[in-house]
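Notes follow once the structure below has been shown.
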Amino acid sequence: MAVAFYDLGSAAGLKKLDESLLTRSYITGYQASKDDITVYVALSGAPSSCYVNISRWYNHIDALLRISGVSGEGCGVTVEGCAPAEAVATPPAEDSKAAAAEEDDDDDDVDLFGEETEEEKKAAEERAAALKASSKKKESGKSSVLLDVKPWDDETDMKKLEEAVRNIKMEGLLWGASKLVPVGYGIKKLQIMLTIVDDLVSVDDLIEEHLTTEPTNEYVQSCDIVAFNKI
C-alpha cells in the first residue's frame, strides 16, 4: 500500500513524518528501500534535533548511502514535488541533497490530503500510547521466588493447602515446582517456586492480601520468602 507525505519543508509536514516514524525504522517495510530514498531526497537537509524520530532515521539512511547504498524496492511512497522512487534508487548523498534543493520551490501550494480530523489524530495518539505501554510491559523484568508456606498444625491437609495456593491467579504470576519439607513434630511445610513479572506482582502483597487471607488462610498460617532472584 502506497504511503504519502506532503509539505516536508513545513513544521506540519515534518511533524507528520516524525509521528509516522515513531513506530517504524523505515518509511515502509523492514529494510531500507527506494521509499526511504524518496523521502530522504525530499528533505532539504538534516532535520532539527527536535524531530527525534526523523533525525534517527535520517542519520541511518545517510550512513547507508555513504557506505553501501540502498537497493530495496519498497511499497511505493509519494512526496509532493519529489522525483519518483525509480529515479533515485541509490544516489550519492551529495546528489540527493542537490536534488532536494532543486525541488523545494514546488512544495508549498498543494495539500494532497487535507488536515487530519480530530478523530484520526486521537486514534493515532491512542495507537502510539498502546504501543509504548506494550513495549514497556515486554521489557519489564522478572524474578524467581522460593516461598515457605507453613500450615497451622500437623492435621492440616497439605494437598488442599497446595491446591489453595495454586488457585491464586494474578496477571504476571506463574506457579512452579513444589515439595513438602519436614519441620518437626510431624509437621511439614510447602516449599514452592514462583515466577513473577516485577511491574505486575508484589510478593509482599501476594502474601498479605492472598496467601494469608480468606479463604487460603484456612490452611496457611504464614509464609516466608526463602530466596528472591532477578531473572
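Cβ coordinates are placed from backbone N, Cα and C, and glycine is handled just like the others.
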Look up region 'Disordered' in TrEMBL and report which of 116-135, 136-155 it refers to. 116-135
TrEMBL tags one of 65-87, 88-110 as region 'Disordered' - which one? 88-110
